[in-house]
Amino acid sequence: MRSELFAYDRFYKQNFGTVIGVDEAGRGCLAGPVVAAAVILEVQLDVFDSKQLTAQKREELFLQIMNSAEVGIGIATPEEIDLYNIFNATKIAMNRALASLNKKDAYVLVDGKSLNLSQQGVCIVKGDEKSASIAAASIVAKVLRDRIMVAHDRIYPCYGFSKHKGYGTVHHLNAIREFGPTVFHRLSFSPVLSNLSVKKVHDLFSENINCERAKVILRKLSSS
């Protein structure tokens, strides 16, 4: 039991009442969405930063959290990441997670810094190592995002999404170079954009070439 994480949350609960932990998964990836979770955790579980847990342990804790806590989920798509940038898309996902939880008077503990969300709270650097609620949110967000990436591995089998989950591994970068990016990739990210051309953008979007996302990518290509 990581009691120090619950003691950290207890301080905020004593001062502000209900506390929501918020975290995201997938911010640094080259493909797929950003997934955020908002968690109200009232029972003590053996939670910790999802990055320091095995996949099996994350799955076990995910089920425990979903069965014993109040959970909200928010997703920002690759299209939204390209349109609004990764920082703003992360805020969109987190605000959606909070909105789905619908606890407007609760106090938010969010992992990170300088994130102004839709309700009162505080940003905590390395919050997933300090707060039980944030740690629980990190587990939920990570597990759900991993499942999304595994599902898309069946749609785009050349890229190995089930293995690297969209991160910029050597295998993934080689696949992007060999097969070209997909609409599931974050086309505005430099390692992806560098493998695009005007023709490839037209091929990707075909009849939707006049959509805002295509226009953004074409502008980036022309200025690169």
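Just so you know, glycine gets a Cβ as well, placed from its N, Cα and C.
The domain 'RNase H type-2' annotation in Swiss-Prot covers 17-201 and rests on sequence analysis. Per Swiss-Prot, the feature divalent metal cation binding site maps to ASP23, GLU24, ASP111.
If you take every residue in the domain 'RNase H type-2' (17-201) and average the pLDDT, you get 94.
With a 10 A radius on its CB, ASP23 (divalent metal cation binding site) counts 30 other CB atoms from all the protein chains. Using a 10 Å Cβ-Cβ cutoff, ASP111 (divalent metal cation binding site) registers 26 neighbours.
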